[in-house]
């Protein structure tokens, strides 16, 4: 039976690019639950911009698989959330629609690139949201805004209808105020979709279980070392103690591949981006162009005008990494480093059930604080290993530093998303 | 390390327009980032990548696709059911 919901908010933090004032929804597991969708996920009939001028006015003629699933489950889709343009960033400042503000402190960023989704939940505008995570883009804003965000195992959620940035790394995932909400949303979006050839038949039907007696949690020294704010590291160590009180065992360990993981990640994601973003020529969709010019002149001018600086920088870096003469030096070596990260996780998961550490090395940055691109990239160091290996990882709030939320990151073995969710739930219950 | 000519050439290859004013900024930022990437130089070349990849095939069957009208809906310039594009030659 079709029902109606009115969505009316005063969006003082710029969490949404588009809102839907009147929503029709049906019965189902998520009937009437308000869900926001990151603006890089296609929604039939609703403008989808990737927070970019180059897609302004684009109305997808089809729904992403996850959106079809949400509609079938009766979710009320309330709008499209702000993000770093094409998912490129760690702050949601790289948006053609202006930055989103962190609801916990409006002078700070909400994290990125799914900053609008996290902020919308933290501000109480909606119950749940979808984000996408290429190098931490769900977990980072979850940590900075004090909510829960899961990057599922690669393949567990269809990417059909997700506007591609770096296909081999990115996953759509659930975000909510608590682990139960994330689990409910994940149960709707996980499962096989034949339209995504990397999709696997692993539906999620689990109910979070807080009994973690005997669970072995590895703490790589690299997650608590140089570059990590000692106050953040201490807060996360206290959270680990809480898990120990609940019956888990903390095991010191090491992840040597971390030294190369970030460079490998940025070579791979910029390379894939340079290829994926070649499709944006303003001809088939977007604001259109000047057809009196020649192809390359028009294409080049429009992309300069309508792509933000971070997007153009990554396309240049990716084109360079893939160029003849440099391919072996950058891209192939990055694949070697990626395999080393996978090997490290395989070795660790023979000894432990989960790997834990901070989600982000610091609390949320102040707006415009990170103006140097490399310094910004370095803040992704703790989240990118899970994307390189395709393993599941969650961020759950675990306390505050200087009044701002800190996230505990729990990383699991491929397809053991249930175990990651259980441990996050156990922490949440024990800390409550 | 890259110089301004490299950045100009790469930007042209990628059809990303750059102003003279931007060249210096992109050159210095890309140089810094590529210098950071050089840490990969210490790794062995061609270590086997094990992704457990398999081919995904489907039957070669005719299925529904977007209609011509839907496919053209977002284009600003069309003519006789085609996308209208700038000249290539």
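A Cβ is built for glycine as well, from the same backbone N, Cα and C atoms used for every other residue.
Mapped onto three states, the DSSP output places residue A:38 (active site, charge relay system) in strand. Within the same chain, residues at least six positions away from residue A:38 (active site, charge relay system) with a Cβ under 8 Å of its Cβ are A:80, A:81, A:83, A:114, A:116, A:117, A:129, A:130, A:131, A:132. Sequence annotations record features per position, and here TrEMBL assigns active site, charge relay system to A:38 (among others).
Here the Cβ of residue A:113 (active site, charge relay system) has 34 other Cβ atoms within 10 Å, regardless of which shown protein chain they belong to. Under the heading active site, charge relay system, TrEMBL lists A:113 (among others).
Cβ neighbour count for residue A:137 (active site, acyl-ester intermediate) (all protein chains, 10 Å cutoff from its Cβ): 37. Residues or ranges marked as active site, acyl-ester intermediate by TrEMBL: A:137.
Marked as domain 'Amidase' by TrEMBL: A:24-420.
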Alpha-carbon distance [residue A:137 (active site, acyl-ester intermediate); residue A:113 (active site, charge relay system)] in Å: 5
